[in-house]
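Beneath this line is the structure, given in structure tokens, with notes to follow.
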Amino acid sequence: MANMSLEKIKMPEQAPDVRNKNFEEVAMGYTAEMAMEEATRCLNCKHKPCVSGCPVNVRIPEFIAEVAKGDFMAAYKIITSTNALPAVCGRVCPQESQCESKCVRAIKGEAVAIGRLERFVADWYMANCDEMPEKPAQNGKKVAVIGSGPSSLACAGDLAKAGYAVTIFEAFHTAGGVLVYGIPEFRLPKAIVQKEIDKLSAMGVEVMTNMVIGKVLSIDEIIDDMGYDAVFIGTGAGLPSFMGIPGEALVGVYSANEYLTRINLMKAYISDYDTPIRHSKAVAVVGGGNVAMDAARCAKRMGAEKVYIVYRRSEKEMPARLEEIHHAKEEGIEFHLLRNPVKILDDGNGQVCGIECLKMELGEPDASGRRRPVPVEGSNYVIDVDTVVMSIGTSPNPLIRSTTKGLETNRKGCLVVNEETNQTTREGVYAGGDAVTGAATVILAMGAGKKAAAAIDEYLKNK
Amino acid sequence: MFRIVNKKELNSAVTLLEIEAPFVAKKAKAGQFIIFRVDEFSERVPLTIADYDREKGTVTIIFQKVGLSTKLLAAKEVGDSIRDFVGPLGVATEYDGFKKVAVVGGGVGCAIAYPQAKALHELGVEVDVIAGFRNKEIVILEDEMSAVSDNYYLMTDDGTKGEKGFVTDKLKSLIEAGNQYDAVIAIGPIPMMKFVSLTTKPYGIKTIVSLNPIMIDGTGMCGGCRVTVGGEIKFACVDGPDFDGHQVDFDELMNRNSVYKKEEADLAEKHICRMDKMAHDLIH
Ligand SMILES: Cc1cc2nc3c(=O)[nH]c(=O)nc-3n(C[C@H](O)[C@H](O)[C@H](O)COP(=O)(O)OP(=O)(O)OC[C@H]3O[C@@H](n4cnc5c(N)ncnc54)[C@H](O)[C@@H]3O)c2cc1C
Ligand SMILES: Cc1cc2nc3c(=O)[nH]c(=O)nc-3n(C[C@H](O)[C@H](O)[C@H](O)COP(=O)(O)OP(=O)(O)OC[C@H]3O[C@@H](n4cnc5c(N)ncnc54)[C@H](O)[C@@H]3O)c2cc1C
Ligand code: SF4
Ligand code: SF4
Ligand code: FES
């Protein structure tokens, strides 16, 4: 008999007023007992609606059945047959709009905690079966992978398993993409990402950091001079947007990318590191996505007394994961919803002293189906802050497309690919992840990397 | 890891290092820069590529010890390695159609101006170099600059070497004397670049300045290096670092570069510990 509890087994978490002062993981993960009990909530539905909600079709009821039996190894094998990064996805997927949104248990009560179970299985594997993979027999062909975010890691992993000699070229000094420079330690411990990279190294993947492709080497040189048989471009969508409002050049205005990179990649929160960061008392973060929540929660942890989210639509329209919005509120972040910044104020010495906002109302739905915010004339007010973090979106960096012949991009600067194969408009050159879709999700990027790996294998087998 | 193969102290504050970085050396051009990190705990700091040797696979940097990172770097010796060295970054300078150019360098800015003067000279362009320093103690690259210029004018603020006066005085008198410059390239402290740009503006001489905002990635992903040029936001690491001096908002840049004054000063103390630790590691 299935467990008919309407609620998920609660996730143990650090208390809000403790965790908002440290960078340790907020959610501490299920114990084996909790996982097995939660697993009994799954009805093992014949038509498996949850699976269709997962972008990589993790065989959800099958792995959950193994968890219920206590065979975590079997569960791990099922998950990793379609998902290369379960420890990451279990933590950061927007489950409420993907797998869990389709779960029949969500019709009445809460969905089965698919994400938490996935995370449990991955963590269990890491803690108990710490075996490194072996280097597979080589097939004599070479593939270059540009960037080292989730799309590249997944692509490199599958290609390495198939016997290709893979080299990852990463611009930064550390591999991992957004997983290391953007998403904070308290949501995704960097040791997990490092483990994935170590596994790739064990399979023979060469990781070359400090290589900005388009500058130090072009894609053409990688193919023509260095003899790579195919290339995968997984360079993400890292170019930050600014609003173009007065005051954005003041000292104290950051892009979320800069703010998060200083804190996460360059560890400004650990005193052993030399990375300077502004010691803010009051911070306004403009935006409503995961990036904005991460920036706000980092600001709090760095010691800011007041942290505000300023978002131009209502909470319902916020693109951030539900859990992050919930956690942010618990940690004392204040939400100014339906508010749009119009100006950042100068204290007279070129430093930020406030942000002027305009109130908004929701009007008719726009092209995206979300109700369009319209300004309320004369409703301006000022929030006193000494730091502003702009988190209003990013787009693909033009460096690769502007230095590679024959790579077509769309209006938004995203690489154009064949949907079946993820091949770009150039033979032998594939792409995936945010570089193709614009800023999206880890699981979509990972899925694209796997799809491209399969297509590259097919292409090179026949070449 | 990137190994140091040559080291020279150019004056008490300015150091030259030649570093093994074959990929960078292969692609480097005048006007481009690298970003280095001494070790796992260090900041990412940009420095201009002062010279390169494609055969040997080395890149030369010349830098002033101003804060923690440059002091840690200057403490490295031949045979030591540093953790990260990424480049070449930024857009190489374009010299299309120049026949005669004045290159103006201020202080350590001469290190950044040197590769430009050299590149122009090698292209057969007539080059006048005006190099300015506070006093004779800190003059650098005198022989090197002379070798790649048609005329080399040395200026010191206190007149202890060369002529007494500012580089702008010399530039103005050369222009007034009828020298027809197709362009002026000015590299040095922000106020110097600002005043050179103001000097050339009435004559309508194209003026190229090399901006040095605070940077992290150097690839266009953080926006920390943003500068306002002609009323538009530009990212100096990918759109520059060279810009039209008549369009640059120098006051804004000066303000933005002061952002970590206090934090950098706090680092001074820590710096002593880091240097001690490094010395300790070297002995053991
Ligand atoms: C702060 C933040 C929080 C997020 N939170 C979530 C979340 O909770 N859940 C979720 O699903 N998604 C989240 N996302 C989105 C998710 O991280 C991205 O969609 C995903 O990482 C995209 O993967 P990718 O492989 O396409 O590229 P990225 O992860 O962006 O990696 C690209 C890599 O390529 C490198 N690169 C770029 N140009 C070059 C070049 N020219 N040469 C060499 N290397 C280059 C970059 O340095 C980078 O390392 C978040 C994003 C951010 C920024
Ligand atoms: C494209 C580019 C090329 C450069 N080339 C050279 C070069 O060839 N040789 C050279 O000596 N320097 C060069 N610089 C300047 C150099 O990057 C800075 O001096 C460096 O940040 C100092 O680091 P630090 O940790 O030693 O000092 P910090 O402790 O970071 O800074 C010390 C002082 O310098 C200020 N400062 C910090 N960063 C910068 C910056 N980027 N520019 C100006 N002031 C800053 C701080 O506010 C502080 O007052 C270049 C900068 C750029 C952007
Ligand atoms: S990968 Fe993401 S969407 Fe798919 S089952 Fe796991 S948590 Fe759900
Ligand atoms: S929809 Fe829910 S209950 Fe049904 S199989 Fe999927 S996870 Fe289990
Ligand atoms: S240094 Fe980050 S965008 Fe220029």
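Cβ coordinates are placed from backbone N, Cα and C, and glycine is handled just like the others.
If you look up TrEMBL, you'll see B:ILE62, B:PHE63, B:GLN64 marked as FAD binding site. The annotation [2Fe-2S] cluster binding site is assigned in TrEMBL to B:CYS222, B:CYS225, B:CYS237. Feature annotation from TrEMBL assigns domain 'FAD-binding FR-type' to B:1-95.
Structural mapping of features recorded in TrEMBL.
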| residue | record | contacts (Cβ under 8 Å, 6+ apart) |
| --- | --- | --- |
| B:ILE62 | FAD binding site | B:LEU10, B:VAL14, B:THR15, B:LEU16, B:LEU47, B:THR48, B:ALA50, B:VAL108, B:ALA111, B:TYR114, B:ILE140, B:LEU141 |
| B:PHE63 | FAD binding site | B:VAL14, B:THR15, B:LEU17, B:LEU47, B:THR70, B:LEU73, B:ALA74, B:VAL108, B:ALA111 |
| B:GLN64 | FAD binding site | B:ALA13, B:VAL14, B:THR70, B:GLY107, B:VAL108 |
| B:CYS222 | [2Fe-2S] cluster binding site | B:MET215, B:ILE216 |
| B:CYS225 | [2Fe-2S] cluster binding site | B:PRO213, B:ILE214, B:MET215, B:ILE216, B:GLY218, B:PHE235, B:ALA236, B:CYS237 |
Chain A, Cβ under 8 Å: which of the binding-site residues B:ILE62, B:GLN64, B:CYS222 qualify: B:CYS222
Count of other CB atoms lying within 10 Å of the CB belonging to B:CYS237 ([2Fe-2S] cluster binding site): 27
Neighbourhood of ligand 5 - binding-site residues from B:ILE62, B:PHE63, B:GLN64, B:CYS225 with Cβ under 6 Å: B:CYS225
Entries of B:PHE63, B:GLN64, B:CYS222, B:CYS225 (binding-site residues) sitting next to ligand 2, with Cβ under 6 Å as the cut-off: B:PHE63, B:GLN64
Residues within 8 Å of the B:ILE62, B:PHE63, B:GLN64 Cβ centre (excluding the FAD site residues themselves): B:LEU10, B:VAL14, B:THR15, B:LEU16, B:LEU47, B:ILE61, B:LYS65, B:THR70, B:VAL108, B:ALA111
The domain 'FAD-binding FR-type' (B:1-95) - residue tally per DSSP class, helix then strand then coil: 13 helix, 42 strand, 40 coil
For B:CYS225 ([2Fe-2S] cluster binding site): DSSP state (helix, strand, coil): coil
Overall pLDDT of the domain 'FAD-binding FR-type' (B:1-95), taken as the mean: 94
